[in-house]
Amino acid sequence: MLFFLNFFVLVFSIELALLTASAAAEDGSYEIIILHTNDMHARFDQTNAGSNKCQEKDKIASKCYGGFARVSTMVKKFREENGSSVLFLNAGDTYTGTPWFTLYKETIATEMMNILRPDAASLGNHEFDKGVEGLVPFLNGVTFPILTANLDTSQEPTMTNAKNLKRSMIFTVSGHRVGVIGYLTPDTKFLSDVGKVNFIPEVEAINTEAQRLKKEENAEIIIVVGHSGLIKDREIAEKCPLVDIIVGGHSHTFLYTGSQPDREVPVDVYPVVVTQSSGKKVPIVQAYCFTKYLGYFKVTINGKGNVVGWTGQPILLNNNIPQDQEVLTALEKYRERVENYGNRVIGVSRVILNGGHTECRFHECNMGNLITDAFVYANVISTPMSTNAWTDASVVLYQSGGIRAPIDPRTAAGSITRLELDNVLPFGNALYVVKVPGNVLRKALEHSVHRYSNTSGWGEFPQVSGLKIRFNVNEEIGKRVKSVKVLCSNCSQPEYQPLRNKKTYNVIMDSFMKDGGDGYSMFKPLKIIKTLPLGDIETVEAYIEKMGPIFPAVEGRITVLGGLQKSDEDWH
């Protein structure tokens, strides 16, 4: 009963308080409820607040979120209560991000998506992570259409012949013909393994298909669902005159109106509205990522086929939302192998990986260098190449308190297991790219050593990549940063340059630091540019697998004058 009461209060509150662009309805008007998800990244099971594994301590504290079971509960409830007025759309990137997908790939993705049963989905770039051969079984196995209008699959016949891959579909919603068109960023050819698939620019493909749907299929309105990011969605809204509503993904953008419901800071209001040159207003929605929210967007269409009003907000899928038993039962046959995944050897190290308290909280440590370099690498390989920049984020700032254990591979012929890595990084935090002014970065570095002493190690002491820092902890607090050099990103050859207070830097950090953890409150109001596809432990795991055997060193990234001197004992 509590759930149903909360549910009705939630929907009533949305309807009452969040009406943002209503207009007087004319005769013949109707309503459509659009439910939407994007960038779920294999969060089939519930997660913690940072969208990684929900640990036992999180369950005890009722701090588990999302998962397909909670999405399913809400979708089923909306469909039961609202019937044919509901249109459930998914904007891609179901693949990649957890051991569930690593182990079971398209098999589990197909089964889980068929339980959710969206009316339609677009492809995401990560759907190509296992190549065309890893995507086609998914396209043939799902029981709903996958819409992507801007693909040229003529050189990949298995894609051309895929059962459920289409450019668009007509749906009857609230008794009216609604055209839905899908799209995918052409950057996918740089981000994943697309084989011989080619791409048409989104705007061109959408305009062509929208004209066809209007002329040949008698579509009354046009909704596009796709995976190109908020910046491109704004362009689509501006340059596609027949498009009425955009459901987006790819940029992992949290849009929200009002006070944030959890740790995610809204990038903009929900929906973002673009006004075309004709005066037509086009709303854009997106629902963050990782199944933590379900997008809810209710629109009013008048008798002329114009969007005249809307209301809605992403719904936080927290512990108050029950988990659908159908999903939980389906997951059980996969669970044991996933739980045993910790025993798997993920790589080899030729050196001790020092994550000890007396090393990483007083000095640069090689475990810190491994972790931060892995974050930089993960961002590089997920970012399109540029003629001017080798990456969009060359700097990582990571709190040493997040490093909880060393790994001594001498005990197992150099082998590193997933369980050992879990012990090093037990918190399961998301990774963000955050736009940080130079003066704020300097302030953060001052904070990182404001409590430094030779007797107590504090968690805020930094581990870094892309920085060379010189501290003097004998100086007064607030004046301990003596010099900082930053590895350039917008350059053809990386080199270290002095930190400039008035310059803005893209910095990779975890969700704990972004939320102000360990006293880093200066980062809380800053905007998140994007969320990396994998969490902290999955990112480091992938890096070790790719680069092994590894042998990270202490390289002089951090110099601490007046600090605790290293001893050989710290390495054992």
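Keep in mind that glycine also has a Cβ here, set from the backbone N, Cα and C atoms.
Within the same chain, the residues at least 6 positions away from ASP93 (Zn(2+) 1 binding site) whose Cβ sits under 8 Å from its Cβ are ASN38, ASP39, MET40, HIS41, GLY124, ASN125, HIS126, GLU127, HIS227, GLY249, HIS250, CYS289, PRO533, listed in sequence order. Look at Swiss-Prot and you will find ASP39, HIS41, ASP93 tagged as Zn(2+) 1 binding site.
Look at Swiss-Prot and you will find ASP93, ASN125, HIS227, HIS250 tagged as Zn(2+) 2 binding site, backed by similarity to another entry. Cβ-based neighbour count (10 Å, all protein chains) for HIS227 (Zn(2+) 2 binding site) stands at 31.
In the three-state DSSP scheme, ARG361 (substrate binding site) falls into the coil class. Among the features that Swiss-Prot reports, substrate binding site is placed at ARG361, GLN399, ARG404, PHE427, PHE512, MET513, LYS514, ASP515, GLY516, GLY517, ASP518.
Taking a C-beta cut-off of under 8 Å and a sequence gap of six or more, CYS64 (disulfide bond) has these contacts in its own chain: GLN46, THR47, ASN48, CYS54, ASP58, ASN318, ASN319. Sequence annotations record features per position, and here Swiss-Prot assigns disulfide bond to CYS54-CYS64 (among others).
The annotation disulfide bond is assigned in Swiss-Prot to CYS360-CYS365 (among others). Within the same chain, the residues at least 6 positions away from CYS365 (disulfide bond) whose Cβ sits under 8 Å from its Cβ are ASN354, GLY355, GLY356, GLU359, SER400, ILE403, GLN463, VAL554, listed in sequence order.
Counting only same-chain residues at least 6 apart in sequence, those with a Cβ under 8 Å from the Cβ of CYS491 (disulfide bond) are ASN388, ALA389, TRP390. Residues or ranges marked as disulfide bond by Swiss-Prot on the basis of similarity to another entry: CYS488-CYS491 (among others).
For ASN82 (N-linked glycosylation site), the same-chain residues that are 6 or more apart in sequence and have a Cβ closer than 8 Å to its Cβ are ILE33. The N-linked glycosylation site annotation in Swiss-Prot covers ASN82 (among others).
In the three-state DSSP classification, ASN454 (N-linked glycosylation site) falls within coil. Among the features that Swiss-Prot reports, N-linked glycosylation site is placed at ASN454 (among others), with the record citing sequence analysis.
According to DSSP, ASN490 (N-linked glycosylation site) sits in a coil region rather than a helix or strand. Residues or ranges marked as N-linked glycosylation site in Swiss-Prot: ASN490 (among others).
Under the heading signal peptide, Swiss-Prot lists 1-25, citing sequence analysis as support.
Sequence annotations record features per position, and here Swiss-Prot assigns site 'Transition state stabilizer' to HIS126 (among others). Cβ contacts within 10 Å of HIS126 (site 'Transition state stabilizer'), excluding its own Cβ and spanning all protein chains shown: 24.
For ASP129 (among others), the entry in Swiss-Prot reads site 'Transition state stabilizer', with the evidence type similarity to another entry. Other C-beta atoms found within 10 angstroms of the C-beta of ASP129 (site 'Transition state stabilizer') number 19, with every protein chain shown included.
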Distance, LYS514 (substrate binding site) to CYS488 (disulfide bond) (CA atoms, angstrom): 22
Rounded Cα-Cα span from ARG361 (substrate binding site) to ASN454 (N-linked glycosylation site), Å: 10
Pairwise CA distance, ARG361 (substrate binding site) versus ASP129 (site 'Transition state stabilizer'), rounded so that it is a whole Å: 37
Spatial separation of ARG404 (substrate binding site) from ASP129 (site 'Transition state stabilizer') - C-alpha basis, Å: 31
Integer Å distance between the CA atoms belonging to CYS360 (disulfide bond) and ASP518 (substrate binding site): 15
For ASP39 (Zn(2+) 1 binding site), the three-state class that DSSP assigns: coil
